[in-house]
Amino acid sequence: MSLGSTQMSAVIVAPRFFKQYLLLLAVNQMTAALFRFVGGVSRNMIVANVFASFMLLVVMVLGGFILQRDKVKKWWIWGYWISPMMYAQNAISVNEMLGHSWDKILNSTASNETLGVQVLKSRGVFPEAKWYWIGFGAMVGFTILFNALFTLALTYLKPYGNSRPSVSKEELKEKHANIKGEVVDGNHLVSVNPVTDSAIMEDDSASTKKGMILPFVPLSVTFDNIKYSVDMPQEMKGQGVQEDRLELLKSISGSFRPGVLTALMGVSGAGKTTLMDVLAGRKTGGYIEGDIRISGYPKKQETFARVSGYCEQNDIHSPQVTVYESLLFSAWLRLPKDVDSNKRKIFIEEVMELVELKPLRNALVGLPGVNGLSTEQRKRLTIAVELVANPSIIFMDEPTSGLDARAAAIVMRTVRNTVDTGRTVVCTIHQPSIDIFEAFDELFLMKRGGEEIYAGPLGHNSSELIKYFEEIQGVSKIKDGYNPATWMLEVTTISQEQILGVDFSDIYKKSELYQRNKALIKELSQPAPGSTDLHFSSKYAQSFNTQCVACLWKQNLSYWRNPPYNTVRFFFTGIIALLLGTIFWDLGSKVYTSQDLLNAMGSMYSAVLFIGVMNCTSVQPVVAVERTVFYRERAAGMYSAFPYAFGQVVIELPYALAQDILYAVIVYSMIGFEWTVAKFFWYLFFGYFTLLYFTFYGMMTVGLTPNYHIAAIVSAAFYAIWNLFSGFVIPRPKVPIWWRWYCWICPVAWTLYGLVVSQYGDIMTEMDDKRTVKVFVEDYFDFKHSWLGWVAAVVVAFGVLFATLFAFAIMKLNFQKR
């Protein structure tokens, strides 16, 4: 009998289960199409996140759950009928409530309607079975509509234009000069040969200033028997490799000297960037062996970071500051304390002239490939950011990568100017033209596997390099006019070694050139008579307080010039306030029934969840971009991690306050909450700290995860959990006892606790069931007005907790692996 009943129940339930699954699948497709459309219209990650939160709020608030149909104001009822969530909720509710479990007729009611129908009507849901198919059809229709709109957006909407505030005449002159093959010389344009790039590099219009206002000590770098290895990858172990470590550099030795421009070259996989990272102290993992000395003294990374610069290939900069501000920030934090503000600014001007950035001083840096500076201009900015630290040694990782021949020549002229100041400059370079290759003084050549095969002068027209390799038996002679850099790489490949039956590394180590280099290394490894080792009293050039002030200064500029973030979130906050104010018009003053209170709480719930989520999602891409900049700046020794986190957190305080006031003033007056100083203060208070903890939560997820996309996924999972345990969907006393503990650690639940008790927890007005509002709030929600102070403290604590975890993540976690 029992088995038969179970089978009968399964037969009855199965169709409804598959109908619900079908509906949820359709809802999934509809929401995916909706957010594709939002992305297509927004054309910007930050704007899309904000707009998506707004759209979600609209379809949810007007969907019939937060505010049931008969409570929707007549001027918003059209929104109810076009909300996709209304059709989805009607369909899924009808599918469930018209089922076997809800077909009981209560004896206590005079109606012959089933329990399910009565529940549907009490919530303003249409009880007819046809609404399932109406809802399903609506999901299909909305999916088609949103995908069509997405297609139209992609077809007709253009990307946002350049975001720089203004373009000066000098900047236009710079752009015109680069296009026409001319050089800016003061207020004039100097033409150069349009055919060759050597004229660009040899042009002396931006004359090198050897006597700059800030002196520096020329330093040499020697390295002897350098080995670098990493743990053997599991894939290679799976292929039978027995060794525990994979050696990437094998007994590399060499030297770099002041005033000498050295090219570090090799085929892909030779280890040229690896060697430079090892020498510069940029490796975050692996095992390093060997001797590295700076002008004869053993290298100490803390000291070395203060006298060296590293120009990364990717040209990472804060997008919302200008060229001059980028240089000022770097000089402020990296020059010694005894350099006053006037000298610092003069030195920045000298560097800008050296790298020919003066025409671009007021241009926003922008994002690569999106707006702001061109690739070649960003390369020059990268060099300048390091030069304003007045380093003695500069490493450059492929400064000409991604550039055409003329742009590469302009950058190399800047590099040459830098070397001519007497600094030690080393560049990795890939497939240079003849003119660019011969701009170097010396070459350090490596072969695949991490071994050196040439280290010495290039000579005039690369004569020394050509002579060395042509003397090796079997190496083909270079053809007239052929690029020596290309020829050199072609004749030294592993396949050529096998054909010739030689090992270029062994040949080099048996050569007279190798012996001369070893002698030079030995000479430079001895400190000069009367010299002293470099020593700094602190790890950083500036004090902790100065670092905090500087980081906050840059964040202030970045935020002020970021309309996609701040202007958009303020705009949508105002729109959401007007939306909720008109939807929940004057419902805050109505306390006659329990439904009245639930409606008022719906306005609080909607604002807390959706504006909070908007803040969280919109801040994540901003922090993700700035964190990448932070990795570079911290590695350069500009500041410690805490000042960066301090600036990122503190700059949000005034913006969140303005956002909270904008929302609260509009909504509080339109919804009709009681106008008393205390109640309005508490409404502002809980709104402000809720915006903060959502914003800091977004920062924290970025800090704890490798990239923005993972941060978005992690935070989205918690949005759903916080929504479920907020106390609105299910009041805390109704939550199963084994899950009730989570209500006490859910920040949204504490915010709603504070908002409800501050507005209604002390009202003694009787409701229709003869209970006072205060008693109803205590009975239904278990919210006690006497706890208001503790609730406020907990909400503040969540903001402090998330901000602290963000700072901890920034200080302790490094997802940049090198």
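Start at 1 and count along the chain as shown; that gives each residue its number.
Yeah, the Cβs are placed from backbone N, Cα and C, and that goes for glycine too.
TrEMBL does not curate its annotations; it predicts them automatically.
Some features that TrEMBL has for this protein:
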type	residues	note
DOMAIN	221-473	domain 'ABC transporter'
TRANSMEM	21-39	transmembrane segment
TRANSMEM	45-68	transmembrane segment
TRANSMEM	131-157	transmembrane segment
TRANSMEM	567-585	transmembrane segment
TRANSMEM	605-624	transmembrane segment
TRANSMEM	685-704	transmembrane segment
TRANSMEM	710-729	transmembrane segment
TRANSMEM	741-761	transmembrane segment
TRANSMEM	787-810	transmembrane segment
Interface-richest range of 21-39, 45-68, 605-624, 685-704, 787-810 toward the transmembrane segment (710-729), CB pairs under 8 Å: 605-624
Considering the transmembrane segment (787-810), which listed stretch of 45-68, 131-157, 685-704, 741-761 counts the most C-beta pairs under 8 Å: 685-704
Stretch among 21-39, 131-157, 741-761 sharing the most Cβ pairs under 8 Å with the transmembrane segment (45-68): 21-39
Same-chain residues at least 6 beyond the ends of the transmembrane segment (21-39) whose Cβ lies under 8 Å from its Cβ atoms: 48, 51-52, 55, 59, 84, 88, 91-92, 95, 132, 135-136, 139-140, 142-143, 145-147, 149-150, 153
Confidence summary for the domain 'ABC transporter' (221-473), mean pLDDT rounded: 90
